[in-house]
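Peer 1: Take this structure, written in structure tokens, and hold onto it; I'll ask about it next.
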Amino acid sequence: MESLFAIAIGILTAAAVYMFLARDLPRVLIGFIMLGTAVNMLILAAGRIGSIVPALVAGNESALTAAAANPLPQALILTAIVIGFGLAAFALMLIVKSQRILGTVMPEEMQEAEGDVAPQALPAPAPARRKDAA
Amino acid sequence: MEPTTLVLLPAIPEIFLACAAMALLMIGVFIGDKSLRLVSWLAVGSFVVTAVLLYAFTGWGGRELAFDGLFVADPFALFAKLFILLGSAVAIILSMDYLERENTARFEYPVLIVLATVGMMMMVSANSLISLYVGLELQSLALYVVAAIRRDTIRSTEAGLKYFVLGALSSGMLLYGSSMIYGFTGSIDFAVLAERVQGEASVGVIVGIVFLAAGLAFKVSAVPFHMWTPDVYEGAPTPVTALFATAPKFAAIALFCRVMMEPFGGIADQWQQIVVLISIGSMILGALAAINQTNIKRLMAYSSIGHMGYALIGLAAGSEIGVRGVLIYMAIYIVMNVGTFAIILCMRQQGRMVENISDLAGLSKTHPMMAVALTIFMFSMAGIPPLAGFFSKLYVFLAAIEAQLYTLAVIGVVSSVVGAFYYLRIVKLMYFDEPVETLDRPIGREMGAVIAVSGLFTLLFFVWPAPILNAAAQAAASLFAG
Amino acid sequence: MTHLLALPLLMGIVASLAGTRLPPRHAPLLGAAVAAACFAAYGFLGLGMADGVAVEAAFWSVPALGIGGGLRLDGLGLVFALLISGIGFFIFLYAHRYLEGDKRLTRLSVMLTLFMTAMLGAVTADDVIVLFIFWEMTSLTSFFLVGYDHEKPGARQAALQALLVTAGGGLVLLAGLLMLTVATGTSSLSAIIAMRDIVLTDPTATAAMLLIIVGCFTKSAQIPFHFWLPNAMAAPTPVSAYLHSATMVKLGIYLLARMNPLYQDEALWQSILTWFGLGTAALGALLALRETDLKRILAYTTLTALGTLTLLIGAAPTLTLTAAMAFLVAHALYKAAMFMIAGIVDHETGTRDARALGGLRKAMPATAIATVLAALSMAGLPPFIGFLGKELIYESLLEAGPAALLLIAGMLFVNGVNVAVAGLMAIRLFFGGQRPTPARPHDPPAGMLAGPWTLAALGLAGGLLSGAVGLWIVGPSAGAILGAPVTADLYLWHGFNLVLGLSGLTLATGGALYLGWPRIQPWLAGIAAIDRFGANAGYEKGLAGIIRLSEVSTALIQHGDLRGYLRTLFLVTAAGLLLTLLLRDGFALPGFDSGTVDIRALAFLGIAGGALATVFARTLFGAVVCSGLVGFATALAFLFFGAPDVAFTQFAVETLLVAILAFALVKMPIRRADDRTARDRVKDGGIAIASGVAVTALLLAVLATPFDSRLSDWFGNASLTDAFGRNVVNVILVDFRALDTLGEITVLAIAAFAVLALLRPMLQETRKS
């Protein structure tokens with residue numbers, strides 16, 4: 001069971017990374033959200049899984065039974081989900097702004113970097129990149 | 001872990017600052033963008049009050065916990081916080097003229113800096129991995145916004161975007177590392193971790209620490225997670241760059257020290273190599289890449305990468321002396337950078353900002369006092385005695401030699417020599433070259449004051465260094481007492 | 001008494017500050033007054049210490065910095081201090097006339113005063129940090145002094161070059177000194193030297209020694225750092241005469257001598273100093289013959305002197321140290337005079353090309369006399385002090401054992417060249433037929449002549465009063481180098497012996513070189529290989545190489561492409577993770593009994609399926625929808641594994657996110673496909689798969705270890721009793737980890753604020769239009 005979970009998280013991570021490397025920002029954002037989800041799953045798994053019983057102290061007891069799920073990761077994940085949501089909302093705003101003002105959501109089209117500093121010194125890598133951008 | 005009632009007293013300064021941010025926001029919303037100056041000065045005032053509260057509630061004495069042990073107030077945090085407040089306050093002061101002149105007068109700007117400062121203060125006081133993450137995100141999010149606040153230039157937008165994407169990724173790595181450590185040890189609290197992580201640590205914990213270090217290396221812009229730095233420094237509005245180069249750097253380095261020394265101090269020999277590699281990479285890259293820069297903000301970016309490499313030497317030593325060295329280094333670094341950026345903000349020709357190093361040519365003839373100040377900063381950054389920057393290097397090198405990290409010390413010395421080249425080139429330009437086009441005068445009153453105070457500090461540090469040195473020593477000691 | 005030792009330094013600093021306010025005409029006079037006062041102070045101190053007892057004084061001690069501070073004056077320091085302040089006095093007088101009418105004379109005087117103070121501080125410092133600070137101050141002030149004529153590109157380059165080499169060397173020196181400090185636990189130089197056994201048995205002993213040698217070699221222009229010295233001749237003559245003959249370049253020699261008691265029995269120390277010294281001297285002599293510019297010729301002969309001094313310190317017997325000190329004094333006297341004379345000739349005739357000058361004695365009789373006196377000392381003829389120095393060198397080298405023959409042969413050549421240059425300066429310039437020069441030559445004002453005259457006369461007096469020189473100057477200073485008392489019985493006449501024979505041979509060599517100079521010089525100058533493969537070319541190439549390396553590395557690493565950065569980040573992290581697992585043998589699988597597969601595994605299928613679908617979705621809109629699937633499958637997983645609170649939060653957040661995304665993306669190209677090229681897809685896919693594999697492998701390793709549940713158990717137990725809550729997750733959030741929750745809320749608030757801040761201008765625009 002746990003091993004299956006680990007594999008699923010691996011696939012999720014791989015997909016998230018792939019999306020993260022996309023050329024357009026909306027896909028990068030999707031990758032970002034998925035990566036956050038993967039980390040949340042990871043926290044859950046790190047606290048060990050198995051039990052279906054929620055972490056509630058039963059009415060007639062004073063402490064949590066051993067059968068209940070681990071409460072700490074859940075608390076951490078809740079924190080992480082909320083923060084992740086905040087970041088995602090902000091990122092979306094950045095993308096909307098970039099579309100409105102620059103008319104593009106492709107980072108490569110807004111790029112200005114070391115190239116204009118030492119144009120004579122740019123060796124092969126930089127032109128190659130420009131080529132596949134075209 | 002003893003059950004206790006919720007203790008909040010040690011966190012009063014942070015709570016005050018957070019409330020102040022809300023109040024400032026209200027004022028801003030109520031009055032509008034006209035209130036920029038008012039809100040800015042009020043923000044600076046609230047920093048001062050926070051500093052006083054810090055002294056009142058912590059002092060240099062003991063170590064107090066709040067929020068069930070999630071928050072720790074000790075001299076180490078106090079030292080870092082005072083300089084963070086200083087950096088943030090100066091960043092606000094430096095920004096007012098700029099924002100008004102560049103038609104970007106937005107009251108949100110000082111409010112965001114105050115919020116970021118709350119985050120930084122939380123970072124240095126964090127006593128558990130998740131509190132650390134939360135504080136870090138608090139700081140980062142506010143800074144992401146600040147970086148993107150100018151909307152009318154491609155550079156600023158791209159800088160904001162890059163900073164956000166890479167920054168969010170690094171925070172993710174940090175969280176990932178934390179979850180690994182939790183998975184292997186069953187704890188996220190520093191005190192518990194310190195008990196459980198001893199002797200030969202398991203691979204998982206090491207990997208977790210590597211991820212933590214990666215996330216933190218990003219925040220301090222150390223190699224190999226430095227890539228955002230030059231692009232963002234250059235693209236962001238100059239006062240924002242000034243902020244990025246100062247307070248958040250101190251917060252991240254302080255956090256780095258606490259995380260490595262408190263929960264993982266017991267396995268220092270096993271993470272030492274990681275920090276050594278990060279440090280060496282940063283020093284070499286910082287020195288090498290700065291050489292062929294023509295833009296002064298980019299140059300400062302590489303310079304700060306290099307400086308972080310030197311500061312990390314102290315951490316790599318893993319000793320009390322090493323941490324003391326880091327604190328001294330960062331304190332002096334902040335003052336030098338504040339002064340240098342104030343000068344960069346004065347670089348205008350006919351009302352327009354200029355950023356080329358060559359625009360400084362012949363500065364000694366047109367602005368003699370400014371040239372003297374910049375000379376002091378450049379010599380100091382190059383580590384030439386008796387300026388403050390020399391002592392900062394001296395202490396980390398001493399710590400490295402004491403920890404028998406000779407390779408690190410030697411690489412540090414060699415890269416200082418290479419690094420000296422580009423700092424001295426600026427001095428040569430100012431004194432020996434002819435001005436092409438003179439910079440505008442007069443410079444603002446606040447700018448002049450910031451330049452003068454930081455210049456005098458850098459020049460005369462050696463006359464009366466005891467207060468800062470003693471404070472740093474006590475701060476470092478407190479990290480090892482707990 | 002002790003306060004007197006700190007007085008010169010304080011006077012120097014005060015005078016530097018006060019000097020900035022003086023007009024150019026008066027500034028050098030203040031410097032001269034300070035120099036004279038310093039000389040008097042050191043002279044007074046020196047009279048009180050003929051018995052060899054060092055004077056000590058407290059100075060700038062900062063316990064918090066670990067700096068003991070402190071000044072200490074012994075025989076060695078005294079000789080240097082007297083030379084620095086004494087020659088400094090004449091330099092100020094000289095500069096006053098030489099640069100008359102130059103507006104920048106104030107700046108020059110202030111810098112010279114600062115420089116003199118730093119030199120005096122360096123030779124009297126007893127603390128390694130204090131020493132280093134003054135050491136670097138001399139480099140720094142020399143930067144501004146060499147760059148004085150900054151309209152000349154050569155001067156700017158030379159200033160930077162000299163600073164890089166000497167200040168960089170200073171840092172290396174610091175590293176060495178710090179190692180000694182750490183090894184002995186004290187920063188006091190005299191204390192370190194006293195703890196010789198501890199220093200030499202420390203594991204870092206050899207490294208520290210080598211670092212100190214490198215630092216001293218850069219300052220004293222030894223091979224392979226010698227190239228900066230001739231280039232620094234771009235400085236105005238008073239500066240060259242002061243810094244580059246008499247004082248700054250000797251600072252390295254000073255420190256070598258100072259450290260000698262520590263290392264004198266080390267074979268490595270002896271051989272490095274001896275052979276590098278000889279090499280420097282011989283190279284300097286050879287290169288001196290190529291030049292025609294008087295100042296450059298003199299600069300190369302200074303190299304010969306510096307090399308000779310290094311050699312003498314390295315060749316350890318007592319007598320060589322006596323020789324070293326006698327030669328040091330002799331050289332400082334005649335070389336400073338020679339430089340000032342070269343400046344006078346340049347100033348009065350308008351040229352300093354040795355080929356274009358001749359027969360000046362009629363026009364400049366007073367200068368001619370000073371030159372002849374200085375030249376006789378330089379050539380080492382009796383009864384001048386130069387003769388004394390040279391005799392001692394030969395005498396001491398004869399005792400140097402098996403290497404003596406080679407050393408003496410080398411010294412014969414070196415001293416021969418010095419004789420030839422002395423001849424060039426005195427005979428060629430002032431005798432024979434007068435040649436036409438750009439300006440009509442005449443004697444300079446007295447202020448410029450005072451230095452050459454006095455120094456040359458002192459060279460004669462020193463030779464005649466050799467007994468006093470030995471007793472008062474050479475003996476105590478040689479004793480300080482050796483670390484044991486030395487009696488130096490110096491006398492001019494040794495009788496007819498081998499040493500006198502060698503002196504005669506030197507004269508003959510020198511005479512031949514002088515006569516052959518008109519032919520030797522063009523021939524040597526014509527050998528271009530010397531320029532191409534010289535150390536200066538090496539410096540240029542090294543600098544160019546560093547700049548090139550910098551360009552390539554920034555273009556490679558700092559390309560500005562966000563995707564490139566991200567790729568690097570992911571790749572480095574994934575590879576690092578897998579490598580760590582591999583190297584530390586960390587791969588592990590949890591046991592199969594750790595939980596049977598049941599229906600809940602469907603949630604995993606949903607997660608993996610949704611993730612893959614997002615990747616392969618054709619349009620952006622499709623990707624958004626598929627990523628929503630992942631979110632809902634995650635919520636299911638939370639529900640299945642005992643986390644209903646998290647599950648509901650996830651549902652809510654996911655719904656909100658998908659809705660906002662879909663809403664915001666309306667204005668964007670939602671039909672757009674992922675437009676990566678095939679090559680990019682392969683690359684990104686590879687990185688993605690590596691990351692996924694790494695994450696899975698690590699997670700499996702986590703799951704294979706037993707879980708330490710003490711913390712969670714504590715929360716489970718304390719929840720009801722301490723915090724009165726049955727929902728443990730909620731209790732943790734609002735009670736035990738309230739800080740995190742508070743922070744989280746603040747983050748959310750900032751996010752909302754940020755969205756508003758970014759939206760506000762857009763809303764305003766929309767409203768306007």
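Just so you know, glycine gets a Cβ as well, placed from its N, Cα and C.
Just lifted these from TrEMBL, have a look:
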type	residues	note
DOMAIN	C:65-107	domain 'NADH-Ubiquinone oxidoreductase (complex I) chain 5 N-terminal'
DOMAIN	C:125-409	domain 'NADH:quinone oxidoreductase/Mrp antiporter transmembrane'
DOMAIN	C:606-669	domain 'MrpA C-terminal/MbhD'
DOMAIN	C:681-760	domain 'MrpA C-terminal/MbhE'
TRANSMEM	C:75-93	transmembrane segment
TRANSMEM	C:105-123	transmembrane segment
TRANSMEM	C:129-148	transmembrane segment
TRANSMEM	C:160-185	transmembrane segment
TRANSMEM	C:269-290	transmembrane segment
TRANSMEM	C:297-317	transmembrane segment
TRANSMEM	C:323-345	transmembrane segment
TRANSMEM	C:405-431	transmembrane segment
TRANSMEM	C:495-517	transmembrane segment
TRANSMEM	C:620-641	transmembrane segment
TRANSMEM	C:687-707	transmembrane segment
TRANSMEM	C:745-763	transmembrane segment
Peer 1: Using a Cβ-Cβ cut-off of under 8 Å, list the residues of the same chain that are 6+ residues beyond the ends of the transmembrane segment (C:297-317) and lie near it.
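Peer 2: Same-chain contacts beyond the flanks: 217, 220-223, 226, 229-230, 232-233, 240, 244-245, 249-250, 252-253, 256-257, 260, 264-265, 269-285, 287-288, 291, 323-324, 327-328, 331, 335, 338-339, 342, 354, 393, 396-397, 399-400, 403, 407, 411, 414, 417-418, 421, 424, 481.
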Peer 1: May I ask you to check whether the transmembrane segment (C:405-431) and the transmembrane segment (C:269-290) make contact, with contact taken as at least three Cβ pairs under 8 Å and only pairs 6 or more apart in sequence counted?
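Peer 2: Since 3 or more Cβ pairs under 8 Å link them, the transmembrane segment (C:405-431) and the transmembrane segment (C:269-290) do come into contact.
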Peer 1: When you scan the chain for residues with a C-beta under 8 Å from the transmembrane segment (C:160-185), skipping those not six or more beyond its ends, what do you find?
Peer 2: 128, 131-132, 135-136, 138-140, 142-143, 146-147, 191-192, 195, 198-199, 202, 204-205, 207-212, 214-219, 225, 227-228, 231-232, 255, 539
Peer 1: Rank C:129-148, C:323-345, C:620-641 by Cβ pairs under 8 Å to the transmembrane segment (C:75-93) and hand me the top one.
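Peer 2: Checked against C:129-148, C:323-345, C:620-641; highest Cβ contact count belongs to C:323-345.
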Peer 1: Determine which residues of the chain contact the transmembrane segment (C:323-345) at the Cβ level, with the cut-off under 8 Å and only residues 6 or more beyond its ends counted.
Peer 2: 79, 83, 87, 90-91, 94, 98, 237-238, 240-242, 244-246, 250, 253, 257, 294-295, 298, 301-302, 305, 308-309, 312-313, 352, 357, 360, 364, 367, 370-371, 374-375, 377-378, 384-386, 388-390, 392-393, 395-396, 425, 429, 441, 444, 448-449, 451-452, 455-456, 458-459, 462, 469-470, 473-474, 477-478, 481, 488, 490
Peer 1: To what whole number does the mean pLDDT across the domain 'MrpA C-terminal/MbhD' (C:606-669) round?
Peer 2: 87
Peer 1: Do any residues, 6 or more residues outside the transmembrane segment (C:129-148), come within under 8 Å Cβ-to-Cβ of it, and if so which ones?
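Peer 2: Result: 59-60, 65, 67, 69-71, 104, 107-108, 111-112, 114-115, 117-119, 121-122, 155-156, 158-160, 162-163, 166-167, 170, 173-174, 177, 187, 189, 219, 232, 234-236, 239, 243, 248, 251, 255.
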Peer 1: Could you put numbers on the helix, strand and coil content of the domain 'NADH-Ubiquinone oxidoreductase (complex I) chain 5 N-terminal' (C:65-107), residue by residue per DSSP?
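Peer 2: Each residue of the domain 'NADH-Ubiquinone oxidoreductase (complex I) chain 5 N-terminal' (C:65-107) counted once, the result is 28 helix, 4 strand, 11 coil.
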Peer 1: Give me the DSSP three-state residue breakdown of the domain 'MrpA C-terminal/MbhD' (C:606-669), ordered helix, strand, coil.
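Peer 2: Summed by class, the stretch gives 56 helix, 0 strand, 8 coil.
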Peer 1: If you run through the domain 'MrpA C-terminal/MbhE' (C:681-760) with DSSP, how many residues end up as helix, strand and coil?
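Peer 2: Counting residues per DSSP class in the domain 'MrpA C-terminal/MbhE' (C:681-760), I get 70 helix, 1 strand, 9 coil.
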